[in-house]
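According to TrEMBL, the active site annotation covers A:TYR105. According to TrEMBL, the Fe cation 1 binding site annotation covers A:ASP67, A:HIS101. As annotated by TrEMBL, Fe cation 2 binding site applies to A:GLU98, A:GLU173, A:GLU207, A:HIS210. If you look up TrEMBL, you'll see A:161-186 marked as transmembrane segment.
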Amino acid sequence: MLLDPGMDLTLRPMRYPDFYERYRAAIRNTWTVEEVDLHSDLADLARMTPQERHLINRLVAFFATGDSIVANNLVLNLYQHVNAPEARLYLSRQLFEEAVHVQFYLTLLDTYLPDPDERVKAFAAIEHIPSIRDKAEFCFRWIDSINGLRQLETAAERRQFLLNLICFAACIEGLFFYGAFAYVYWFRSRGLLGGLATGTNWVFRDESMHMEFAFSVVDTVRAEEPELFDDALAEQVTAMLEEAVAAELAFARDLCGDGMPGMTAEQMREYLEYVADQRLARLGLPTRYGTANPFAFMELQDVQELANFFERRVSAYQVAVEGNVSFDETF
Amino acid sequence: MTTIVEGDRRLAIEEAAARVITDPANSRVAARLLAEEIAAEAASCGVRSFSESVAATHAAGLVQDELAAFVAAHAAELDALVPADADDRFEYFGLRTVYDRYLLRHPETRAVLERPQHFLLRVACGLSATVAEAAELYALMSTLSYLPSSPTLFNSGARRPQLSSCFLLDSPRDELEAIYDRYGQVARLSKYAGGIGIAWTRVRSRGSLIRGTNGHSNGIVPWLRTLDSSVAAVNQGGRRKGAACVYLETWHADIEEFLELRDNTGEDARRTHNLNLANWVPDEFMRRVEADEMWSLFDPKDVPDLTDLYGEAFERAYRAYEEQGRQVRRVPARTLYGRMMRTLAQTGNGWMTFKDAANRTSNQTARPENVIHLSNLCTEILEVTSDAETAVCNLGSVNLAAHLRDGAELDWERLRATVRTAVRFLDRTIDLGFYPTPEAEAANRRWRPIGLGVMGLADVFFTLRLPFDSPQALELSTRIAEEIALAAYDTSADLAAERGRHPSYADTRAAGGVLHPDHYAGAAASPRWDALREKIATTGLRNSLMIAIAPTATIASIAGCYECIEPQVSNVFKRETLSGEFLQVNRYLVADLQARGLWTQEMRDAIKRADGSIQDVPGVPDDLRSLYRTAWELPQKALIDLAAARQPYIDQSQSLNLFMASPTIGKLSSMYAYAWKKGLKTTYYLRSRPATRIAQTTVAGSAAFTAAPAAGTGAVPAPALPAAEEAAAAIACSLENPEVCEACQ
């Protein structure tokens, strides 16, 4: 079984071809930080209101450390316990993507904050800006929660592991990051910060896949060991999401202050509740809030882009292509 | 009407725009609100009428004195040309584009100094000598029946009226000074909103001896890196980024490194992220690919005349050089072709353009010294170049959607009338334009080429209910091309009679009695061509080339129609532009579904989940399924066949994108070989789709949602989801149609 302790090395026969396919799909969508043009954003930043500037600075401070935290949990916890080589292939790929994200946000920070002292402060935000510190502490608590687990022997230990996995997929990548992306897309819906939006699109695409991978690990474990998914676990997951929504809402209040047209903490609360419901639903749990999505601009996120080649790079191309020259295939 | 607070109106606009998918009528609602906003902004600068707007932009130093004087002299007549409700013809995205990018603004306050109709009328006046002329062109533009290309829209009437869209520069000569001189020319041309095509075939390849220093050349890549930086640095006044496409002939020994320039992996010092790349492919190469033979790569320093030859002369010289052993090395032709296909699939770049088809049929290549060496940034312009002549083209496009009568047929008479007006004004841009380099001015005055194109073909097909791959669509599309060519040539003949032939007329094939369709068997069968040929024998032509189908990305947005000859990419998609993202929905589909009571939230969500496809959406009637296929679902053979059938009437070329969701080398090599065999002169982007996608946030019910158990009771949902790229297909997994759901088996 997937969570049985050990170091399985067998790829043939392959037990979980779906994980392997995810690994391959991820490779086809390789992107590099050098492809993103962030300099076009500087003019936008220069004409923002102090309130918008505050929002951006806080956001950048969150981004500075967010992906590093996810990468750490991947190395310290996930890789160790998901015992299938094809799943570990995916996790290795995910680790690379987290590294690209860290590099992207570092480049973003260096570009947006020309003053070296400001940059130091952004990285220190995790210690002295309460709304960011609280989110980080939430993450660290869940990293630490299975720190002592060397092997998942008992049902209780496996549930502990599942909680960590679900936390990073549903609460951190699936809620904290989703919240952060919403601010970026709000700016973009007004024609601002196109460079950040382009990079965020690609980060978002990766994060979507990370989340879906984690959920399919959950699905697999549930198929193999349905008894792990008891009512207590369901309650714990729901409580964890509630806590995450509260932490992200506090962050939103810090970012939005009294609110701006089209972006208020209250709307963000609705959005977070809406997203949290989706996570619960994906996990097969009853939804908790029943709130509707307040952000019309997020609809834009769900439809395919028609890149206008004079204006943006085309991010849609695939990296790996197969086959040989021939002349009689249908097209 | 009560005044809406500014912030509230902006919010109302954004919200209406975001609800376009629910009901496309919201697009007009948002557009109307935006028009009010623009009018208020202009009014705050004292601009209410057209004449006031020209006075204001003139005072701000933005428009010519002549234009200001002309408008002041005819203020009342010109002001009366603007109908009160003309802005109602805009969809939101079109008006937004006009507002964000085209309206003239005060240099300091950045407030708009003209309204959308003022802008169109100003463009018309900038190209007119009388009020009647201005009225004629403005009437076409304000009904969105015809629009000139963006540089003309940006600059008509401006102090530096650079009106041309495309510039094609010959390869620099193989020497340092010539290369640096070209960088300067590219920068000057880019600055004024022109797209650049530039060949690089004459520059020596890697390892070639440099006599002056007794060292060896690093080949073309370092030069192209410099070009890349230079192009990126020139930002076209903030209105759009500079852009260039580099053309290389397939025998150049650096071809493989050239094909890697856009990769996002590998050494960044050998990458050019801003340049577009195109292959200038001789027939001999394609024949050797077919026959699975070897292909020789040369250093142009050793074979300097190859790039100036085409057809049999090229083949003779190429084979002679091979016999003399001058090649740098040889590769299997199929191996190189496979790499070209790989580059297309991985980057969308490395466009396939065909040197011999381009030269063989061109009106400009009657004399052997006149050779086409490249196409342009969008692969629709084919004009001769030399070291002293930079080819130029002025473009405009007819909106076919605006020429439908009662939604049932094309109004051919009106289409011909539009073409006549369009050709006259395109011809005029040649004389009124400001040319950033003497090489461009020299060429344009000699050849006087123009590029009249079309947009909204997909709108016509939707309205007339013709699937892209139907025989009726092919017939109609070809007839449209022929009618446009006939009217354009006839007008150019009239212009020649009125104002004289273009100076190089004697050097054209037309002077020898051969018109473009004559190169294609059966294409000039109609007696109308005979009559035209006779007329031209007396009058000559004012323009050496007249037809080119440009991509029309921006002007089609303004006109609210589908781009040029393209099929729709999706029934629901967003546009990313400098002014943000906008949701677009296929309003023809929506109208059909509304009429049948099927445009429900469930339907919208299902189409969004399916990425804008309706093929697997339950409840869609079959006739709609076939009509509203997307570019990804149409056989690409049909697009190539349509393009090939209209090619006789396109004396330059067409920006033909091809679409393949998951390309393989086998499919691509078959497709491009077919395009070559059908006689296409050029192709444009290969569009493919991402291998993974962003999780949707606003569509109720992601893959496992509805199938999941109601509570955490330990029941088992789908253990293995399909691969990421197939996730969209997994929506079939729902309680409504469990029989289709394979994910849960």
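Cβ atoms are placed via backbone N, Cα and C, with glycine included.
Automatic, uncurated: that is what TrEMBL annotation is.
Taking the Cβ of A:HIS210 (Fe cation 2 binding site) as reference, residues of its chain lying under 8 Å away and at least six apart in sequence are, in sequence order, A:VAL70, A:GLN94, A:GLU97, A:ALA169, A:GLU173. Take the mean position of the Cβ atoms of A:GLU98, A:GLU173, A:GLU207, A:HIS210, the recorded Fe cation 2 site; other residues of that chain with a Cβ within 8 Å of it are A:ASP67, A:VAL70, A:GLN94, A:GLU97, A:HIS101, A:PHE177, A:ASP206, A:MET209, A:MET211. Its own atom aside, the Cβ of A:HIS101 (Fe cation 1 binding site) has 24 Cβ atoms within 10 angstroms in the protein chains shown.
Under DSSP, A:GLU207 (Fe cation 2 binding site) is assigned to a helix (H, G or I) in the three-state scheme. Neighbour counts of Cβ atoms within 10 Å were taken for the binding-site residues A:ASP67, A:GLU98, A:GLU173, A:GLU207; the minimum is at A:GLU173. Comparing A:GLU98 (Fe cation 2 binding site) with the residue listed as 'active site', their Cα atoms are 11 Å apart once rounded.
Residue density at A:TYR105 (active site): 26 other Cβ atoms are found within 10 A of its Cβ, drawing on all protein chains shown. Residue pair A:TYR105 (active site) / A:GLU207 (Fe cation 2 binding site) shows a Cα separation of 14 Å.
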